[in-house]
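Peer 1: As annotated by TrEMBL, signal peptide applies to 1-19. Taken from TrEMBL, the feature domain 'FTP' applies to 103-148. Positions annotated as Zn(2+) binding site by TrEMBL: H624, H628, E654. The active site annotation in TrEMBL covers E625.
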Amino acid sequence: MRRLLVASVLAAGLAGALAVSAPPSLDNGAHRLRKTMGFGPEHPHAVFRTNVPPTFQPSPSFRASEQPHPFDIAKEFVKNLVPESSSLKGELDGAVTFYVRPDSYVDENTGIAHVYLRQTVFGIEVADGDVNVNINARDGRVLSYGSSIHTNELPSPAFFSSQSDSEHVHAKVCSDLGAEYSARLTELHERSQALYPNPSREKNAWTAYANDAAAREQLDALATEVVGEVGVLHTWNCHRLRRVSTDSFAPQSEDENPLTALLSFMLHATPSEKLAADIHASPRKYVDGMTLTIAHHLHNSDAPASPAFEISGVPDATDKVRGRLAWAQVPKAEGGEMGLELVWKFEVPMADNWYETAVTFAEPHRIVSVVDWAADGFIDKPQMAFSDFLAPIPEERPSFPATRAPAKYVVHEWGVNDPSESNRTVQYENFDGLASPVGWHVVERSSDPATSSKEKLVFRNTTTTWGNNVFAHENWEGENAWVTNYRPEAAVGVSKDADGVKGERAVFDFEYDPQATERSESMREARKYINATVTQLFYTSNLVHDLFYRYGFDEVSGNFQQHNFGRGGKGNDAVIANAQDGSGFNNANFMTPPDGQNGRCRMYLWNTANPYRDGDMEAGIVIHELAHGLSTRLTGGPANSGCLGWGESGGMGEGWGDFLATTIRSVKDRVSDAQLAKDGLGEPREYPMGAWAANRDGGIRNYIYSLNMTTNPSTYKTLDKPGYWGVHAIGEVWAEILWVVEQKLIQKHGFSETLFPPKPLANGTVPLGDFYRNTTEGVLVPVHGNTLAVRLVVAGMKQQPCRPSFFDARDAIIAADEHLTGGENFCTLWEGFSERGLGPDARVEGRTPWGGGIRTDDYELPAKC
């Protein structure tokens with residue numbers, strides 16, 4: 001692919017012209033590549049505040065006398081966010097309303113109510129009019145809030161007009177991106193020609209590239225350095241823009257408007273050039289093949305975000321597409337002020353993507369925004385942008401099954417990152433009465449996809465990798481069907497558990513010893529050990545579920561479980577975990593739909609070594625992927641999966657995964673190092689990401705995670721550098737910052753030898769032990785630095801707004817500490833953030849949707865420190 005890019009640029013240069021209308025091919029001909037789109041308008045009016053003005057707080061008498069529910073406090077509070085000068089002030093509770101989203105909840109772990117509200121105008125939801133209010137549920141004080149509501153003029157009554165007065169967001173995005181792409185192609189041309197200062201017909205960059213392997217390698221590297229992810233972003237998001245026009249996608253009737261809008265999006269979204277060309281040539285054929293079904297409800301809903309219709313027969317969609325009418329905030333074409341644009345909102349499931357997109361109602365060929373709920377684990381940086389990156393996501397009494405002993409697994413134990421660190425050992429199922437009350441191999445019949453039973457609260461044991469938290473199996477065909485895919489069957493015997501209770505025990509003990517083979521036999525050799533790899537994926541994924549649960553990712557906050565045990569939230573969404581997924585190589589990805597729909601984790605083989613290396617066996621990759629589900633469900637609320645789509649927000653989605661994977665693997669090392677050290681803990685080790693699977697010592701990031709500024713020089717300003725437009729590069733900067741912050745907390749509070757809190761007692765209470773501090777309000781606050789860091793990061797995710805910036809996420813972590821510890825770590829946290837340039841006066845000017853802009857580092861501390 002890189003060769004095609006360089007060759008096309010050189011050929012254009014020799015012809016005396018450079019053009020960006022002919023994009024580089026991103027298909028290497030050997031494997032299907034995963035195309036992913038993502039863009040949308042900036043919201044310059046969006047705010048996140050951790051210092052709430054007293055005038056915004058409900059009065060103490062109101063809080064004390066009426067004891068209002070936090071949701072009621074939030075509904076009153078949100079009215080303060082509409083300025084007195086706004087014409088909307090007089091429309092509150094009339095044309096303009098706010099509703100509390102049903103995924104709002106009170107976090108019993110912290111005592112904070114996380115309330116999510118959406119704005120409606122004329123009864124139609126403002127899809128990006130988000131408000132999150134964090135309230136102390138004990139006294140009713142508003143702790144912090146984020147808001148991106150619309151406060152400008154309302155649309156005219158004729159908003160169902162045939163013409164839009166808003167900026168063409170997609171065209172503007174592509175114009176800006178195209179200018180950058182063109183500039184980089186020009187630079188590539190100039191630098192490649194500079195290698196041959198006196199070109200001739202016989203000797204020039206083109207002939208050298210065609211005939212000299214060393215020159216080809218040099219020019220490939222130059223193309224990667226100069227063009228980088230910008231070429232990929234431009235190709236995926238923009239190169240079909242000219243194919244869609246008002247005339248070709250004009251609906252012939254009002255009923256066809258959502259169909260043509262959706263079809264225009266599919267032309268952009270499909271990875272198939274052949275299908276895109278056919279849609280462009282014959283849109284009528286596809287519109288006629290689509291069927292729209294209206295969803296009828298007995299009662300009106302307070303939440304207009306509920307899908308209003310479904311469309312079937314959509315080309316390249318793997319299931320029905322859900323849709324509804326909504327508003328989106330878009331800059332006006334004249335003046336740039338944010339206005340409301342009527343849009344069709346769609347949720348589009350595809351083989352390798354799950355898109356949430358908005359297309360204008362007035363001109364149904366204009367895309368306003370698109371978020372891919374599927375997130376890749378790794379797009380190798382920098383050259384992977386142009387090489388073979390492959391990845392293509394009640395009081396009833398329950399009836400429990402007979403007593404059984406914890407299942408037994410031969411696996412790499414928790415904390416071992418990959419096979420290079422340790423041999424496999426015998427490990428046991430984690431019975432945790434809070435996180436997994438019935439263990440890992442039990443499912444409730446009415447929510448079991450493998451049965452048609454309607455029996456509620458009747459549970460059954462399984463003896464395979466199938467349970468309430470995770471369904472793990474092979475997916476060699478790379479398809480979306482999964483229920484009947486192959487899973488290992490355990491040997492079953494009778495034994496006693498640690499308490500002497502006799503019961504059946506499932507034993508998952510399978511060989512794993514892949515050998516080097518002929519290239520043609522590599523796949524067959526890898527598949528021989530599918531039992532062991534599925535078992536490892538199941539074991540790791542369940543422990544991640546249990547760990548995240550104990551730090552606050554529970555049912556009410558949108559975690560992944562088939563049955564929620566009456567604890568709130570939506571069930572029927574255990575993680576579907578595909579081992580050795582056949583849709584790609586050398587990657588991994590996770591799809592996070594809203595609460596109540598299954599998350600999908602796809603793990604791949606890596607053809608970087610002989611024998612192939614299996615991503616299922618590298619815990620850091622699995623943890624990174626599952627962390628996408630954590631951060632997506634917690635940011636903006638469980639029902640909103642569109643908050644981490646691009647730019648700094650999307651990058652932090654990657655960074656949290658790296659941070660948690662690195663934190664988890666560091667525990668065993670830190671324990672062993674502390675035993676050897678004579679002066680306390682000593683310095684933490686340095687860690688790469690994906691090094692074993694990629695067969696590369698430095699891993700797949702630009703730098704390994706280290707406290708050493710020479711080894712890893714990342715600061716906030718690093719995001720300005722070429723090659724840091726992609727979410728993975730942005731993410732590694734955020735992960736490095738969090739890693740530094742965590743070490744500051746460890747220096748202050750010490751280090752816990754386990755990240756897992758004590759298991760609950762028989763009466764359901766959690767003992768403090770030496771894990772939690774004793775607090776007057778009963779909130780569970782970890783004692784040690786590493787456990788406290790994870791607690792604050794997870795709590796910060798819940799407090800930060802939708803589409804957070806680095807500043808928002810930083811401030812949310814500091815606000816979480818204020819609530820949990822009374823702010824005792826205020827200066828410690830600022831020391832960590834400031835050490836990597838994210839001090840109180842850090843700033844960015846000219847931010848773009850992909851993370852562009854000019855940043856200024858700040859290494860100072862707040863005055864109170």
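Every residue gets a Cβ built from N, Cα and C, even glycine.
It should be emphasised that the depicted structure is a prediction, and the values quoted were computed from it without experimental measurement.
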Peer 1: Across the whole of the domain 'FTP' (103-148), what does the mean pLDDT come to? Round it, please.
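Peer 2: So the average pLDDT across the domain 'FTP' (103-148) works out to 88.
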Peer 1: Sort out the sequence-distant neighbours of H628 (Zn(2+) binding site) for me: same chain, 6+ apart, CB within less than 8 Å of its CB, listed by position.
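Peer 2: Set apart from H628 (Zn(2+) binding site) by at least 6 residues yet with Cβ under 8 Å, we have A375, F590, T592, G653, G657.
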Peer 1: DSSP helix, strand and coil counts for the domain 'FTP' (103-148)?
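Peer 2: Reading the DSSP string over the domain 'FTP' (103-148) gives 0 helix, 32 strand, 14 coil.
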Peer 1: Across all the protein chains here, work out how many other Cβ atoms are within 10 Å of the Cβ of E654 (Zn(2+) binding site).
Peer 2: 31
Peer 1: If I take the alpha carbons of the residue listed as 'active site' and E654 (Zn(2+) binding site), what is the distance between them in whole Å?
Peer 2: 9
Peer 1: Applying a 10 Å Cβ distance cut-off over all chains shown, what neighbour count does the residue listed as 'active site' have?
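Peer 2: For the residue listed as 'active site', the count of other Cβ atoms within 10 Å is 31.
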